Amino acid sequence: MAQALDIERWNLECLFNNTDHRTDLNGVDRLIVRRGQPFTISLYLRSGSYQPGISSLDCIAETGPQPSEQYGTRASFGLSSSLDTSTWSATVTSPPGDMVALSICSSPKAPIGRYTLTLGQSEKIEFILLFNPWCPADTVYMDNEQNLAEYVLSQDGIIFRGSSRHIIPTPWNFGQFESGILDICLRILDMNPKCLRNPGKDYSGRRNPIYVTRVLSAMVNCNDDKGVLLGKWTDGYEGGVSPLFWRGSVEILRNWDTQSCQPVRYGQCWVFAAVACSVSRALGIPCRVITNYLSAHDTNSNLVIERYVNENGELIQSREMIWNYHCWVESWMTRPDLKPDFDGWQASDPTPQEKSEGVYCCGPIPLRAIKEGELAFKYDAPFVFAEVNADVVTMMKKKDGSTSKVTTIGLVGQMISTKSVGSDSREDITHLYKYPEGSDEEREAFTKANHQNKLLQENPDPGLHLTIKVTPDMRKGCDFDVFAVVTNNTEGERKCRLVFGSCAVSYNGFLGGNCGFKDLLNVQLPPGAERRVPLRLNYSKYGGQVTEDNLIRLAALLHDYSTGEAKLAMRNIVLDNPEIKVRILGEPKENRKLAAEISLQNPLPEPLDNCCFSIEGANLTGGNIISERLGCTVGPGEDAKVKIYFTPTHSGLRKLVVDFDSNKLCHVKGYRNVIIGK
């Protein structure tokens, strides 16, 4: 007859198990394991000894407030002769005696989250179960160690901003293993409206990364729920901080947690995406932040962005816009809910733009579905397809109320970028979203997506050609020229009017004040001639207009008097911030105090006040932000310089993220990679 083991105490062997399950960076003071992978705990018996075939142990694993076997949130199992890694199972791996090494394996399809494991009649142990991208039976399985190191374990990264012609890498501290972050991520799941409505069903859904990713896409913004971040794109940042203030996700997540789940103010797309990436990696879903340059926001799902300009070529603000760039995330998983061949990277977007199923969320949608034009696939394929493929139609609104079409090249979905695996360089992933322009495959995808505008597009008439050229050196604080270049490719002389203007613009297309303007009523062009028309941009004029995005929109409008036609060329330029220089003093070793000497030269023709440098870095600054304020004014051309001390806690390659802020030069970012020795 079977004899139940009489357990007196146990050891969860957290150091061994957490290290084996690659969760040790969360700490080794509690048990955190990944599903579908065995872990071993030591049981010490009060009486008797373990006897194979005679001793028994009833185990019950439960998660959530209403555990049930029907929902998969409760599993009962006993001792087996060997582990079955396809389901919950347990076996003893030690010889007979009063210490029992109990090896337990969770189902690779078990819901993730907090678990209670009951051993025998009353002994209860607690642990956290995460997705396991190292387990071939898990739906988030990824079979490449370098990719896993980047997309699950890496706590820092690069997010690309700027413009498609001037891409600027911005460092970010994801910090998914910093103290308390995993608990906050689980709290985000618990605060989602689906969980509050029906916790039993929600906890059951947590077995599925598709469900979890969709929940996160809604919960990182606060538009329908007690989500993490409030977005703000206009009219200043009173009551919070500029989205450019953030250097990482840790402070944002901690603020949300300590402020009783009140939204953190404020976020914009790269902040929403970065926080979603931190939470996904913390839960075990491979994830990366991507940037789509010239990203279309199509509000009526017709795959066309209708833009209007006035007779000076100035854009008239509307809800349909082309963002200079837009960031979202991709998560790695299989899609058993779709037909085969749509596994792998799935796009989801936590920035609140349009509602999906009544909630501000978007995705996950397979990249392959976007590329192939499969717009009926779940979730939100038409919106993401438009972001990278929409056609742009520009109309001119005249003073008399009439409208006419303007010829312009409206590119959308360019230079789609993410950080390379194992380095800070940029990987271009445009080919994962779209076929080469003009290819048969692209045409096929457009046909499938019923993208009539693109299918009917004709090559523009070569007649008059208009483009905007810039100089390579456009630094904030400098005066410089930009050029409208007009070429007459016809066989006759042309007489035209050229309006060339510039204005400040935010990265998502909101227009600001005038930075320089020129109106030439009589531009004469002999056949084959080219004319370069300069426009001087002076810091004295643009300095007070540009936002923290450092963006200026250039627009040149050409009226051909002989044909009545209008052509428009547009280009966004990014002003370069000065470089932050970082020098590490001392030998970098874990648990040894280090100094970073940080400096920046003032590029502006005016002094900087209230200068402050801040640093943070995963396993470098103890999960905190360390700031040092300068006590003096920094004149034009002078260096702002500080020394900041920090103590690394773990060895390995780490990224020290640096921010400089002042009254006139706001949130300049820099970083330094530091190799910390043991």
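Keep in mind that glycine also has a Cβ here, set from the backbone N, Cα and C atoms.
Feature list (source: TrEMBL):
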type     : residues                       : note
DOMAIN   : 261-352                        : domain 'Transglutaminase-like'
ACT_SITE : Cys269                         : active site
ACT_SITE : His326                         : active site
ACT_SITE : Asp349                         : active site
BINDING  : Asn389, Asp391, Glu437, Glu442 : Ca(2+) binding site
Next on the checklist: Which one is it, among the recorded positions His326, Asn389, Asp391, Glu437, Glu442, that lies nearest to Cys269 (active site) by Cα separation?
Outcome noted: His326
Checklist entry - Which of these recorded positions has the least crowded Cβ, counting other Cβ atoms within 10 Å: Asp349, Asp391? => result Asp391
Next on the checklist: Give me the DSSP three-state residue breakdown of the domain 'Transglutaminase-like' (261-352), ordered helix, strand, coil.
Outcome noted: 15 helix, 41 strand, 36 coil
Checklist entry - By a simple count of other Cβ atoms within 10 Å, which of Glu437, Glu442, the binding-site residues in the record, is least packed? => result Glu437
Checklist outcome for this item: Note: in the chain of His326 (active site), residues six or more apart in sequence with C-beta under 8 angstroms of its C-beta are Cys269, Thr291, Asn292, Ser295, His297, Thr351, Glu387, Asn508
Next on the checklist: Looking only at the domain 'Transglutaminase-like' (261-352), what is the model's average confidence as pLDDT?
Outcome noted: 93
Next on the checklist: I'd like to know which of these recorded positions, Cys269, Asn389, is least surrounded, judged by other CB atoms within 10 A.
Outcome noted: Asn389
Item to check | Residue pair Glu442 (Ca(2+) binding site), Asp349 (active site) - Cα distance, angstrom, rounded | outcome: 24
